[in-house]
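This report refers to the structure that appears directly beneath it.
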Amino acid sequence: MSSFPWLTTMGVVPLVGSALVATLPKERSAAAKKIALTFSVATFGVAALMATQFKKGGSRFQFTESHQWIKAFNINYGLGVDGIALVLILMTTVLMPVVMLAAWNDADEAQADGRRSVRAYFALYLLLETMMIGVFAATDLFLFYVFFEAMLIPMYFLIGGFGGPQRSYAAVKFLLYSLFGGLFMLAALIGLYVASGKHLGTGTFDFNTLANAVASGQLGISPGLSKALFLGFFVAFAVKAPLFPFHTWLPDAAAEATPGSAVLLVGVLDKVGTFGMLRYCLELFPGASKFFTPMVIGMAIVGTLYGALLAIGQTDIKRLIAYTSISHFGLITLGVFAMTSAGQSGASLYMVNHGLSTGALFIVAGFLISRRGSQLIDDYGGVNKVAPKLAGVFLIAGLSSLALPGLSSFVSEFLVLVGTFERYKAVAIVATCAIILAALYVLWLYQRTMTGPLKAGLEGMKDLRAREVVAVAPLIALIIGLGFYPKPILDVVNPSVKTTLQHVQKQDPAPALNAQTSEKVDSK
Amino acid sequence: MSVLTSLLAASPGDPTNPGGGLGGATSTVTNTFTAPHVEYRALMPMLVVFGAATVGILIEAFLPRTRRYWPQVGVSLAGVVVAFCFVVANHGMAETTAADAVSVDGVTLFLQGTILLLALLALLLVAERGTGLVDLDAFTAQGATTPGSGGERAADAAGLRTTEVFPLMLFSVGGMLLFPAANDLLTSFVALEVLSLPLYLLCGLARRRRLLSQEAAMKYFLLGAFSSAFFLYGVALLYGYAGSVRLSDIATAITSSPHSDVLVLAGVALLAVGLLFKVGAVPFHAWTPDVYQGAPTPITAFMAAATKVAAFGALLRITYVALPGLRWDWRPVLWGVAILTMLVGAILAITQRDIKRMLAYSAILNAGYILLGVISTTSKGVSSTLFYLAAYGFATIGAFAVVTLVRESVRGGSDSGDGGEEDSVTVGGEATDLSAWAGLGRRSPLLAACFTVFMLAFAGIPLTSGFTGKFALFTAAIDGGAWPLVIVGVIASAAAAFFYVRVIVLMYFSEPLREQGAGPIVVVPSPMTTVALTVTVALTIALGVLPQMALDLADKAAYFVQ
């Protein structure tokens, strides 16, 4: 079974679906939706089947495939997943059918307008899924970059073609920010390739070869160059994640995109940023990563608080959720750069949980907005009187977002804070404040929209339809399930984190009594 | 106009060598009187193209006006295809011939092949006359008539066609084939003139906005003549220094001559002016936007793609064969030129409102990128330059082909002759103002998709030829230690992405201008433009997804003979 090309299959299934949907005749828009959903469920099936074959104690990268692609630059079509990539791919494939169900009627309005077709909407979703699987599965840096950039194109059309009134502006801002970051990464990528050619004889893009050469000291890039290359990669990931101060595109993009696109944007696309920091920045440039840690931690902590504070002040529901995400991405980055196993395991878990809880929040917000046609918080109030199910789901998603114990985000946030506390006590304490702010923005949002007297115009509001219930049910189940039992994910993630830390040559600080001395040693 | 026509009459005279009896034209520099040995096989591509051009002239002279079009198209296409076959048959050749005036090596053959393919595609655009419904002739009915005069109207009414464009283009192609192959500076100069003079004329033959077109031709001619003079002066100084115009002799003289360097440095500087002008590098770029805008669009496509290939070929040969000894002197200068070219191209392109002018600044920007390959002075640098020239050329022809299809609609009376009538709306000239492109994606999704592919390629998005090319160039540059240039290149790319993406935004996300009855229309071309578009789109994607074959070819071709 090991030779079966799982990852290629998983990428090809949505690609075929995308082509099929795109070529359907115009009258068959309804069929397009069903075909797209079928293909996304099939993709999830492949992913789930593959996950059962993943050996926890096995080699780091599994299901590897490698074929020569461009010989002139020693570029391979190299795929493979470690634990972190595996859970992120699983999350992607779970979110996709959910998003499609939730976004079932999103594009109808655009079609009626004559702007875009339903077929294009769903074909772009499937195309995006291929790219997202590819970006997590690539083990060749060049291939990773190709997916990293190419996935911008479908997302760009999704925002620009189907979003709100300012969609064109938001789409361009999104694309230009991302391209700008990506180009720096391209320069660093080429620099790394040339350096590897000088030190290893032949230049290579293979992540394993590079990471091992770095860890064994064979690839002795000079510290100055290493720092420059680190920054090239880091800027790209910081824009993508997005980290303060590169975050300004996200609120626009998320607020203008349809709720479904916003879920994929914030839930999956942005994870590539934190995923990239964890895998590529840390392992390829361990020395530079340590050097820049104070700066990154500073950005992360500022982003955490800044995002949370701005979220409180928002008047637009989707913008509010976008700012909460900026806050959460700050925490994830904190966990990654704390360089402790608890922090990084927590960060990896957080990536999944954030995708689930923010995804649920965006989807339910989308349901709400589709009923009233407004994104303004002021237009809502007392919704739980007319739509109790909707309000209930919204509350669960919100509570998970503020990391209530028993819901999934709690475990990951706790791990991140513990991991940070082991090394940077003050930072952890400040970061904890963000949790209080989180309670403020979530509960206040809930209070303003769902409780209190019913706002005029909401009287006839329908509760969740069967389709909508089916769409959010898996997310809610996962949020609660992983809240109580995160072990399956942590088991898969932990070995990868361990390897990463070994490559960075960092050990967890000794606990308890030696805490103070070890901190002194580290601070040197 | 009369000046230009007399130039036309003069230009074919010197370089054409129909059949035998050549030799004398290119061997003026040798001291002995023994007849030089001529390896005809190596020269066949050029001979075939010049021969076809001459046949074209005979067709002009002897066939009646109405029956010239198809023979001209046939002869030109056949000439280019046969010449290409000879280039393919010559692969692997490495020799100098015709008294060492022409060197046929990997670089020459690769570039000649590229030029011929580009010329073939451009010919298809030039030959476009529309279907029965719409007239898409890009060229004026009679170049000699004054714009707006009675003579012009009469020529239009008579349905005259300018078929001289075919032989003119072939002469230009012949010059382009010789330019990168020229092994001594005099041959270079002759090639430069042969490729330029027909182009000056072709620029002035647009059917619409003729004054703009003639202005462009005049500008191009005057500035081009100046730059040629600089080039020639440089040749003279280098001859004074080295006592020879052969590239390899100059290279030897540079390393061994006891004379002061002033002469050689001045000579090289003047030579560089001439070459950088043709390439369109800053600060010799000022003509580009005006000429690209005014010239008939098929000619712009041809010029933007093929001239760049030929001129960069000559630049490569002169810097790599004649001037390696002066590397430390010319490299810093080219560094400056490359940085300026990239920045000026990217920044000024942002401010453009006209699609052809935008593409002109994009051409300047790309010239800056290609200079990175020239500067790196490694064989990787050569091969990446070769690949990028091909990738850029195809995308450029494709992009201009799209421009030819987006037309203004004129309600009521037509402005020129026999334009087809569709719901009392006549197809006008090209709608080159960017605002006219708004909403193109909705009305003509396929065409917009094609243009999107080219824009993404120019912006360097992965899985397009532009990305592979940029990747190869940047790798070669970093390898050669030019990482600051790569940083500038990356910043310029980011700025460039803005204006490429802006066109995509316009096409897909903006409301079309339907009001005022003058909204643009997309015309359905004859199979010729369709073929050119299909081929360029396919190549742009193929060179991005599976570039290995082309990269190998460029790698193998990266050698010079002296």
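Numbers run from 1 along the shown chain.
From the backbone N, Cα and C atoms, a Cβ is placed for every residue, glycine too.
In TrEMBL this protein carries:
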TRANSMEM  A:6-24  transmembrane segment
TRANSMEM  A:36-54  transmembrane segment
TRANSMEM  A:117-136  transmembrane segment
DOMAIN    A:138-436  domain 'NADH:quinone oxidoreductase/Mrp antiporter transmembrane'
TRANSMEM  A:142-162  transmembrane segment
TRANSMEM  A:174-195  transmembrane segment
TRANSMEM  A:228-250  transmembrane segment
TRANSMEM  A:262-280  transmembrane segment
TRANSMEM  A:292-313  transmembrane segment
TRANSMEM  A:320-342  transmembrane segment
TRANSMEM  A:348-369  transmembrane segment
TRANSMEM  A:424-446  transmembrane segment
TRANSMEM  A:466-485  transmembrane segment
The transmembrane segment (A:228-250) vs the transmembrane segment (A:320-342): 3 or more CB pairs under 8 Å:
yes
Among A:6-24, A:117-136, A:320-342, A:424-446, point out the range having the most Cβ pairs under 8 angstroms from the transmembrane segment (A:142-162).
A:117-136
Non-local residues, at least 6 beyond the ends, that sit with Cβ under 8 Å of the transmembrane segment (A:117-136):
7, 10-12, 14-15, 17-19, 21-22, 24, 26, 29, 32-33, 35-36, 39-40, 43, 79, 81, 85, 88-89, 92-93, 96, 99-100, 103, 106-108, 110-111, 143-144, 147-148, 150-151, 154-155, 157-158, 161-162, 260, 264, 268-269, 272, 275
Does the transmembrane segment (A:348-369) reach the transmembrane segment (A:424-446), going by 3 or more CB pairs under 8 Å (6 or more apart in sequence)?
no
For the transmembrane segment (A:466-485), sequence-distant contacts whose Cβ falls under 8 Å of one of its Cβ atoms, 6 or more beyond its ends:
94, 98, 101-102, 104, 352-353, 356-357, 359-360, 363-364, 367, 389, 393, 396-397, 400, 405-411
Please indicate, using numbers and ranges, the residues of the same chain that are 6 or more beyond the transmembrane segment (A:424-446) and have a C-beta under 8 Å from a C-beta there.
297, 301, 304-305, 308-309, 311-312, 317, 320, 323-324, 327, 330-331, 334, 338, 377, 391, 394-395, 398-399, 401-403, 413, 416-418, 519
